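Report on one structure; see the data block that follows.
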């Protein structure tokens, strides 16, 4: 029996999760929410995390009925992410590991998403679409590495959605992406937007610039509604993602797709990916908001896999990094 506590705080979510041999014992989190039209600053986000991380840890321990002496390892997000929030959480994880006299493990944020998705859905060897506010990658496992076959060449798909939400002054509660999804369901007119796919890579900065420039004119003239723009943006972005995922599946000979990351909660994205998979005779796997959105349990699960494979992070090496690519990690726990 192996129990791992995981700390996640790479962006505006702070979470602590506890995993015991593939079972999620607890997974509380808090979200830093800013007013409509605003993003979240690293310093303010870090301040939020510092103010509530111990309460979240206490909640996780109480919910799981786990005591410090029961824990085998403490895992934390090493990166990628926002520097100040990452550092705040890493300091707490280091302190907890020393107080409890437990080994420490630095975990790649993306690997956490993948391993949590595999655990929850039962996907065996899928092509992974990782879509969030900071990342957009198409990934597949090969020779002890999660290899990136396609990715954004500029901004992430979630960042594109978030920044457009600011243009329309859409609420950030519970998240701008979720609120865009709800508005898109009411859209009736499709507005043609730039579509940029280069092989298995995508670009979202052009479509964002275009819709930012044109939205005021379109809305003021009555040419379309905010709901129409949300609908059009979603359809265009998600079509691009489905295209590069299918291309990666064909390249890898894969019959499974796993969608992870915060944008992976979007039901419309899952529907569009499902249509493609059905036409290919493939299976689609996705999780709900409990595990798609950043959470501590995913870091605990990746830490559990790493710890069982004999990995630990020395205290002097327990730094954080804002840039930490998925394919930099040697996946020692898979055949």
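Each Cβ is built from the backbone N, Cα and C atoms, and glycine gets one as well.
According to Swiss-Prot, the features are:
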type: BINDING; residues: 109, 113, 130, 294; note: divalent metal cation binding site
type: BINDING; residues: 130, 131, 132, 133, 134, 162, 177, 181, 266; note: substrate binding site
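Structure with Swiss-Prot features highlighted.
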| residue | record | Cβ neighbours (10 Å) |
| --- | --- | --- |
| 109 | divalent metal cation binding site | 26 |
| 113 | divalent metal cation binding site | 33 |
| 130 | divalent metal cation binding site | 26 |
| 132 | substrate binding site | 25 |
| 134 | substrate binding site | 19 |
| 177 | substrate binding site | 26 |
| 266 | substrate binding site | 26 |
| 294 | divalent metal cation binding site | 27 |
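For the substrate site, whose binding residues are given in the record as 130, 131, 132, 133, 134, 162, 177, 181, 266, the maximum C-alpha distance rounds to 18 Å. Separating the Cα atoms of residue 294 (divalent metal cation binding site) and residue 132 (substrate binding site) is a whole-number distance of 9 Å. Mapped onto three states, the DSSP output places residue 266 (substrate binding site) in coil. In this structure the alpha carbons, written CA, of residue 109 (divalent metal cation binding site) and residue 134 (substrate binding site) are 11 Å apart. Straight-line distance linking the Cα atoms of residue 130 (divalent metal cation binding site) and residue 266 (substrate binding site), rounded to a whole number, equals 13 Å. Between the C-alpha atoms of residue 113 (divalent metal cation binding site) and residue 132 (substrate binding site), the distance comes to 10 Å. In the three-state DSSP reading, residue 132 (substrate binding site) counts as coil. Taking the mean position of the Cβ atoms of 109, 113, 130, 294 as the divalent metal cation site, the remaining residues of that chain whose Cβ falls within 8 Å of it are 10, 110, 112, 114, 132, 135, 260, 261, 262, 298. According to DSSP, residue 294 (divalent metal cation binding site) is assigned to coil rather than to any helix or strand.
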